[in-house]
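> Before anything else, here's the structure in question.
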């Protein structure tokens, strides 16, 4: 192992006493320096050690090495064509030994046809005009203390449950001042059982929470990354919501109207959005523009929008994912906004939803005395 580390530092032009962490240096490697089979094999061994990979046999390891090499070549080619320093970067993250097809099967849902869900939700949604006059230049709910730490969904396509709990956690924290981690496992067990589907939507979670008097905390109903029998009736203490709203792009919508709706909503609270995430496989940072998105109509994942910003004139959303803090920007992805595309990047404008919750009496009393619910001054 020591030899491999020294080889890596030598190829990077770094000393062995460099303060750059092994994890970060692997992600930020200039892969043009790793072109021979021997160099790639040595890098693979270092990557395996970093991520604790152990394969069943030599055949499996050889297969994973070949995939790792193909991914390395793809990363090198894509990074060489980045449009600006702020464009998204790819790297040898923890998914570097699986193919795009394996990644989709393991971490994403089966593609969803959003048209039927839009028809169903349109029957329930409240029609209203959204406007957002003079919004702050940037916004980040993480700085307001209403976002729990990044979680890891494991090898299953249940991003919908994590996006839903994240939205409820934030709504509850904004309304009560109490940030608590909620149970994705309860949603996995109970929503899937009641819906008869393993391909859920975030709004189905909100409906279930409303109908069953709340959602359990993660401590009371911990995550197991597999479905089980619903135990909701055994949990007494619940976090409740008062309703939910949907943001749906209709045939009459314009890109500007959709942007206004999202801005208006996110300044009130984080929102859950659906997206085609196949191209998130090797993302390590920067503003994702969706140029290689396979289909804006085939939704297969859900993330939580927690804010927005801009870099050198390029606007982006800040989205919390559920693949652990060691993916992307410490578990987050920046997704370009104001692209001029009505559908948004990878279809994210199609279908968004968020729970609603009234403020507690304590916070209402404080606001009456002159304290605003949320300070919307620029961050």
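Quick reminder: no glycine exception, Cβ is built from N, Cα and C everywhere.
Grabbed the feature section from Swiss-Prot, which reads as follows:
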ACT_SITE  301  active site
ACT_SITE  321  active site
DISULFID  190-230  disulfide bond
DISULFID  293-346  disulfide bond
CARBOHYD  70  N-linked glycosylation site
CARBOHYD  292  N-linked glycosylation site
SIGNAL    1-23  signal peptide
SITE      200  site 'Ancestral active site'
> I'd like to know which of the disulfide-bonded residues 190, 230, 293, 346 has the most other Cβ atoms within 10 Å of its Cβ.
346
> Identify, among the recorded positions 70, 292, 321, the residue whose Cβ has the fewest other Cβ atoms within 10 Å in this structure.
292
> Of these recorded positions, 200, 301, which scores lowest on Cβ atoms within 10 Å?
200
> Using the alpha carbons only, what distance in Å do you get between residue 293 (disulfide bond) and residue 70 (N-linked glycosylation site) once rounded?
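With distance taken Cα to Cα, residue 70 (N-linked glycosylation site) is 19 Å from residue 293 (disulfide bond).
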> Determine, to the nearest whole angstrom, how far the Cα atom of residue 230 (disulfide bond) is from the Cα atom of residue 200 (site 'Ancestral active site').
15
> Write down the Cα-Cα distance for residue 190 (disulfide bond) and residue 292 (N-linked glycosylation site), rounded and given in Å.
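On Cα coordinates alone, these residues lie 35 Å apart.
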> Cα-Cα, whole number of Å: residue 70 (N-linked glycosylation site) versus residue 200 (site 'Ancestral active site')?
33
> For residue 200 (site 'Ancestral active site') and residue 190 (disulfide bond), what Cα-Cα distance in Å is obtained after rounding to a whole number?
11
> For residue 346 (disulfide bond), identify the closest of the recorded positions 190, 301, 321, judging by Cα separation.
301
> Quick one: what's DSSP say for residue 301 (active site), helix, strand or coil?
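Assignment for residue 301 (active site) reads strand.
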> Roughly how many Å separate the Cα of residue 301 (active site) from that of residue 321 (active site), to the nearest whole number?
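Checking the Cα atoms of residue 301 (active site) and residue 321 (active site) gives a distance of 10 Å.
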> Work out how many Å separate residue 190 (disulfide bond) and residue 321 (active site) at their Cα atoms, rounded off.
22
